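Engineer: Following this message is one structure expressed as C-alpha cells.
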C-alpha cells in the first residue's frame with residue numbers, strides 16, 4: 001500500500017512526538033524520600049539486613065523522584081540508559097551506608113539502586129547522569145540531617161514513646177526550613193510509627209522548597225512512635 005505525502009508527514013510527526021515524550025520528560029520538582037529502618041523492619045513484612053551487616057540507626061535514602069505539580073510523575077523514561085554499577089563502584093561503600101536495602105532476601109544494594117535510577121533517575125537526565133543522581137541524593141541526605149533535627153527537639157528513637165505529628169513536623173521544619181510530609185506504617189501492636197519522610201526539592205535537585213503538592217502516602221494518627229532500630233532484629237535469611 002502506497003502512502004501519500006500527507007500520510008507520511010502525519011506518521012513522521014506522531015513518531016517524533018512519541019520519541020520526545022519517551023526520552024525528554026520534563027518535570028517540576030523532586031520528592032526526596034527517606035525511610036526509618038526501625039519502622040521498615042517493625043512490620044508484618046519484616047526486613048533482612050544487607051549482606052554488609054545491620055545499618056546504623058539513622059534515616060536511609062529511599063529515592064529522589066521527579067514529579068509534576070499536578071501530583072503525577074514520569075517513570076522509566078530512558079530504557080537506553082540502564083543502570084551501570086561501574087559508574088558508582090567507588091561510591092558503593094557510601095551508598096551501602098546511606099542507601100541500604102532492607103528487602104528480603106539480603107542483598108548488596110545493586111538491585112535497589114538499579115530500580116531507583118531506571119524508574120526515577122532516567123526521568124531527570126537533563127539535570128544529571130547516573131553518578132550525579134546518586135551524588136545529589138547523598139548530598140541532600142547530609143543537608144537534611146533528619147535524625148539530628150529530631151534529636152535537637154528531644155525526639156529520639158525509643159520503643160513505647162509517642163510524639164504528636166505537630167512535634168515531629170515542627171522539628172524537621174525548624175531544621176530544614178520547610179514542612180515535610182510524613183508517611184506512617186503500623187507495627188504489630190497496631191500503633192502508627194514514622195515510616196517515610198518526604199521533602200520537596202527544586203528542579204535542579206539542589207535546594208529544599210515548599211512542597212507544591214503533597215504526595216499520596218499512608219496517613220498518620222496524631223500520636224506516632226519513633227521506634228528504636230538498635231533493638232530491632234531481622235527475619236531469618238530465606
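Just so you know, glycine gets a Cβ as well, placed from its N, Cα and C.
Straight from TrEMBL, here's the annotation block:
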ACT_SITE  62  active site
ACT_SITE  116  active site
ACT_SITE  120  active site
SIGNAL    1-19  signal peptide
Engineer: For each of the active-site residues (62, 120), count the other CB atoms lying within 10 A of its CB, then report the residue with the highest count.
Structural biologist: 120
Engineer: Residue 116 (active site) to residue 62 (active site): how many Å between their Cα atoms?
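Structural biologist: Between the alpha carbons of residue 116 (active site) and residue 62 (active site) there are 8 Å.
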Engineer: Determine, to the nearest whole angstrom, how far the Cα atom of residue 120 (active site) is from the Cα atom of residue 62 (active site).
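Structural biologist: Rounded to a whole number, the Cα-Cα distance is 11 Å.
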Engineer: Suppose we draw a 10 Å sphere around the Cβ of residue 116 (active site). How many other Cβ atoms does it contain, all chains included?
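Structural biologist: The answer is 21 other Cβ atoms.
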